[in-house]
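What Swiss-Prot says about this protein:
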- 1-31: region 'Disordered' (REGION)
- 8-23: compositional bias 'Low complexity' (COMPBIAS)
- 71-76: motif 'PP-loop motif' (MOTIF)
- CYS146, CYS149, CYS237: [4Fe-4S] cluster binding site (BINDING)
Amino acid sequence: MNAPHMNDTTADAATLDATAAPAGRPALTRREQKDAYENNKLFKRIVRQVGQAIGDFNMIEQGDKVMVCLSGGKDSYAMLDVLLRLRERAPIDFDIVAVNLDQKQPGFPEHVLPEYLKQVGVPFHIENQDTYSIVKRLVPEGKTTCSLCSRLRRGILYRVAGELGATKIALGHHRDDIVQTLLLNMFYGGKLKGMPPKLQSDDGKNIVIRPLAYVKETDLEKYAELREFPIIPCNLCGSQPNLKRAEMKALIREWDKRFPGRVENMFNALAKVVPSHLMDTTLYPFQSLRASGVADPQGDIAFDEEPCASGDDTAAPGGAQPISIVQFDDL
């Protein structure tokens, strides 16, 4: 059974009167009304985008047991929070279990996540594995630990998913993570490869989903602040300087400010691939290509002057502006 879009009814049901004050309190000021209105828009937008991503990629199906990987960061908190709200009104039934991998990093507050998960009433499992010592022993001082740490973490989470009977593993990567991965692979890996919203795991035994695939990181930052999640900072990899991913993050933030629409268009391009206009001979039969006498609808007309003129994000102020073609960012 395919997972239908779960965004419309849930977002509408969750909508509150943004200008109404609680009983017994004075009427909201104009500033408070504006803040409440913007917060409500933010919540509706995130719920809609998550619901759309789930439907577009059939991420969650009837009877699924979704293992939500909770790190203690803003993204995984938001993912769990929105999935719980979506489940309340979803047209399908599915279970959620939250899983945290305690890697025994110094200073990690072990009590925070269990207390939070008990408070929200979510079944959870804390997996205790000292990967921190392994990483510190094997990675030379001054080198980034992300690669080894990620491999160790993936293997453990795949095993835990099997032990818990989970049918889907949900990770908290968002739109910006996906674009960053695309740029990293292009700039440093020499390949066109991103971070798919849904994929088969490395071991071939699990399906990994990314429900936040359509959500901007800035929206998640605002949402985490609004919901007051008990954020746990990562003092292993998050504090390492000069990480290439951090460079990509800064680049994307700068583009968002200077060229509105550019990052959205890059993200949208991942779903509009034209193999005949790339160079991968495994994706398109260039060697056997012959003139057919039939025009290619995806041919070089895409580079003619007229359609490009309105999408030039380097145009001077007052000139042509970039066209946002991302359907989920219309608020």
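We count from 1, first residue shown onward.
For all residues, glycine too, the Cβ spot is worked out from N, Cα and C.
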Counted with DSSP (H/G/I as helix, E/B as strand, rest coil), the motif 'PP-loop motif' (71-76) has 3 helix, 0 strand, 3 coil
Around CYS149 ([4Fe-4S] cluster binding site), how many other C-beta atoms are within 10 angstroms of its C-beta?
-> 20
Could you tell me which three-state DSSP class CYS149 ([4Fe-4S] cluster binding site) falls into?
-> helix
Average pLDDT across the motif 'PP-loop motif' (71-76), rounded to a whole number = 96
